[in-house]
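K.L.:
Below is the structure I would like to discuss, written out as structure tokens.
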Amino acid sequence: MNEPLLQVRGLTVSYGGGSVAVDQVDLDVHDGEVCLVLGANGAGKTSLLRGIGGFAASERGRVRSGKVLIGGADVTGRPPRTMVGHGVVLVPEENKVFRTLTVGENLRAAPMTGDRGSRRELLDEVVSLFPFIRERMDLPAGQLSGGERQLLGIARALLLKPRLLMVDEASLGLSPIAVRKVFDSLHSLVAAKGMTLLIVEQNVRAARAIADRAHVMVSGTFALSGPAREVLESEQVRRTYLGLEV
Amino acid sequence: MLSLLVGALVLSAIYALVGFAWVLLRRTNGILNLATGAQLALGAFIFNQYATSWGLPWPVVVLGTLATVVALGAVTHWLIFRKLAGQPEFALVVATLGLASALKGLSSLTWGTEARVMREPVEGRVVELLDGVSTTLYGIFGLVAALVVFAAAHAFFRYSTTGIRMRAAAENSVLASQGGIAVDWVYVLGWAIALTAAAIAGIMYAYQTTLSFHGVDALGLRGIAPALVGGLTSIKGVIPGALIIGLAETFGVKLFGGSAQDVAAWVVILVVLLIRPQGLFGEKQVERV
Amino acid sequence: MTATEQLVKGTRERPAQAPLRRFAGPGAVALLVCVLPLVLQDYQLSLVNSALIAALGALALTVVMGFVGLVTAGNAALLALGAYGAAMGGAEMGLPFPVVVVGTVLAGGLVGLLAGLPALRVTGIYLAIATLALHFIVVFAFNEYQTQAVGSAGFFLPIATIGGLAIDTTFKWYVLLAIVVLFTWWMVQNLKRSKYGRAWMLIRDTPLAAASQGISLSTYKLSAFIISSALISMSGAFLAYSQQTVYIESFTLELAIQYIAMVIIGGMGSAGGAIAGAAFVILLPTILSRLIALLPPDMYAAGFLQQNLGDFQLIMYGTLVVVFLIWRPDGIAGLARALSTMFLPGRRESAKR
Ligand SMILES: Nc1ncnc2c1ncn2[C@@H]1O[C@H](COP(=O)(O)OP(=O)(O)O)[C@@H](O)[C@H]1O
Ligand SMILES: [Mg+2]
């Protein structure tokens, strides 16, 4: 197998110099792969994605040690905007959209690359993936439903032409129908565009259909890693981490 | 009476420009900039240096002032406020106070403290509007400048991609950075626009009175009043705020004499804090608990 | 003991210190206080007195800025309040000095209440705005009062007397001020360790946590601002009596910023740092002009510097505030702590605490 798109080695993330949220994590994500991270609340999943996608200078979080490589290039500890330049785009857990901007403005806020024609093309393509956007163009994004906000966040991320798209808790707080919609969209992204995904998800039922590999996170480290099918079917996961009936 | 109203309107235009500078910086950069007064004066003195001391041609004066002020904005962000990223709001406010002190010292060192008269672009200052109602050309120019700045700002923030990105970064700078927006350049732009509006206000005020650091500085600080009345982060709120302050100051001077000019705006501030601290258009920021 | 009390009290138990170390700090301070008047000339001692008065204000400001993390621009206004209170009480009404001092404390507290009450219902920065308004309104009011009462030269105050003892020499002022400053220092230190101090710092560092523990943010913030205002007003009365004149031109916004510079340079939240910061800010002009005097007198730069000393002060205070905020938010106090751990390995343990 060729070199992974994302290589994480011994990544340690801490807040305010104090508490360690991610402790020496190793992770590989290959091109075209869908990688799932599971774990209880506070396990450090969000911190892992933030450690890869970068913290802004105004935040308390820091990558304390370890390495993050994208296509072999060392990008450890770079701020989010630089990571976007390297093709790593995160749809964060909270605040996925600019609430005071309209849906259309949310999309225009994304600094797209390429010439005018290709930008137009990408925009049309993304909008056709999420048809609701066309009807809601002039609505402030704060007034969208939770599911629509999630999709708008993903749409905005797609305009940045990600090589690796990270989505944190896509289904959190959504109705079952909305969860279905979001995962159908993710599924079609993977199927049609071969998108590489790194997702954090508690809803195992929804994630099962698209995940290739899975990692179970417990207090900042991976307790279990492997092919998604094996990990998700393992009795240990079903009982301990997911609380499903065996 | 009518001439008083005209005077109030002319003053309101200047307050609107100053208030705009306060609000813009508060909103995009998240800074309550207590150095606004000093920066207003600095802008006017730079203009005066090019216009009066060096006697440059007017287009050069205007462009040179603009370029200098924009450069100062960029330096202010990269040298000071970028380094303070992540510190509590408290530290940012204190830093603006330190900046105000340093700028005052620099200005006084360079240009002294006496009042100056600036070189004028046109003659015939007084314009008769109606019988017995007159204003200066600079009063009218100030009104026009305020209208232009507000209209341009409205169009810029609503229709231009850069303006939309500035609003995005103002709402959530972390998400903006995650969305690929160059937040630092947004902040530089915020400083540049705010300082430009401040300089225009300072220059207009200096033409209507005289140019002295003390006078322009005090005006710039009082400009927090229209910003506060409008809610500190609402650009459209500045306009009614400026009208209220312009009227309060004009009629305060009429009723209580010239020294009321120094306090009218501050009294309005205390009243606003007492009855409606979030202003007319601000979101409620009262701390729960 | 509730969880709140536990959390708040938790920091109180400190490991027992070796007696030597425990008394080393206060001992050194006591020694310094006793030695200063012996080695300094009258003029130098009067500078120390100015620094002591400033230290009172800086200590007070530390409470609201350092402990609670609020910005106030009203320091010059509160100093003016105390000074004009002294002028009215001492010069116009002929009240005895101690009565005047108590009066200015009460007046300062009251004005703090009035200015802080509306502002502190809202988020912290509104206090900066309200105190800015306070500054301009107070200066305006006293200017009007002064113009009507005595004219632009200002007020002249009688010599302060306490129970028949006239405070009429630099040395006597030194003794009085040293006692007052030491007492205030002790009080501020105790305040910091009290239930109030811990609540204040919790509000400063984690307002949400403080609120979730049922700490009323606005009440605690207001109490800090009132205490601070009362003390600054009192120091204004000392300033007026020690100089024996009061005029409005000395109470500028730049003066207010100077006091902020003392707190920032000294180290936010450190009472000892505030005193060091006050000494630094007050002595800086003298040190600067001494340094300039060392330059060859025919040098153009020397003359230029000497003539514009005031402007250089403004530039230096402002720059130092910004530099310390960026580089060392813990100020001289933090710098001293860092140096002592570097050079005195034995103290490393205690500094870590
Ligand atoms: N901004 C922050 N400041 C301080 N600690 C944080 C912050 N964000 C997360 N943490 C801590 O890091 C740990 C991991 O949190 P997180 O990564 O959000 O977990 P998860 O996403 O798995 O729920 C938790 O103990 C949490 O308290
Ligand atoms: Mg999470």
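Cβ coordinates come from backbone N, Cα and C, glycine included.
Note that the structure is predicted; figures quoted are calculated from it, not measured.
Reproduced below are the annotations present in TrEMBL:
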TRANSMEM  B:6-25  transmembrane segment
TRANSMEM  B:32-50  transmembrane segment
TRANSMEM  B:56-81  transmembrane segment
TRANSMEM  B:90-111  transmembrane segment
TRANSMEM  B:137-157  transmembrane segment
TRANSMEM  B:185-207  transmembrane segment
TRANSMEM  B:227-248  transmembrane segment
TRANSMEM  B:255-275  transmembrane segment
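Could you give the neighbours, burial and distances for every feature on this list?
P.N.:
With a threshold of 8 Å between CB atoms, the same-chain residues lying at least 6 positions outside the transmembrane segment (B:6-25) that come near it are 31-33, 36, 39-40, 129, 133, 135, 139-140, 142-143, 145-147, 149-150, 153, 190-191, 193-195, 197-198, 200-201, 204-205, 208, 219-220, 222-227, 230, 232-235, 237-239, 241-243, 245-247, 249-251.
Long-range contacts of the transmembrane segment (B:185-207) within the same chain: residues 13-14, 17-18, 20-22, 24-25, 28-29, 33, 36, 39-44, 46-48, 65-66, 69-70, 72-74, 76-78, 81-82, 118, 120, 136, 138, 141-142, 145, 149, 153, 162, 165-166, 169-170, 176, 215-216, 219-220, 223, each at least 6 residues beyond the stretch ends and with a Cβ under 8 Å from a Cβ of the stretch.
Outside the transmembrane segment (B:227-248), and at least 6 residues removed from its termini, the chain residues within Cβ reach (under 8 Å) are 8-13, 15-16, 19-20, 22-24, 26-27, 32, 150, 153-154, 157, 264-265, 267-269, 272-273, 278-283.
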K.L.:
Do any residues, 6 or more residues outside the transmembrane segment (B:90-111), come within under 8 Å Cβ-to-Cβ of it, and if so which ones?
P.N.:
30-35, 37-39, 41-42, 45, 48-49, 76, 80-81, 84, 213, 217
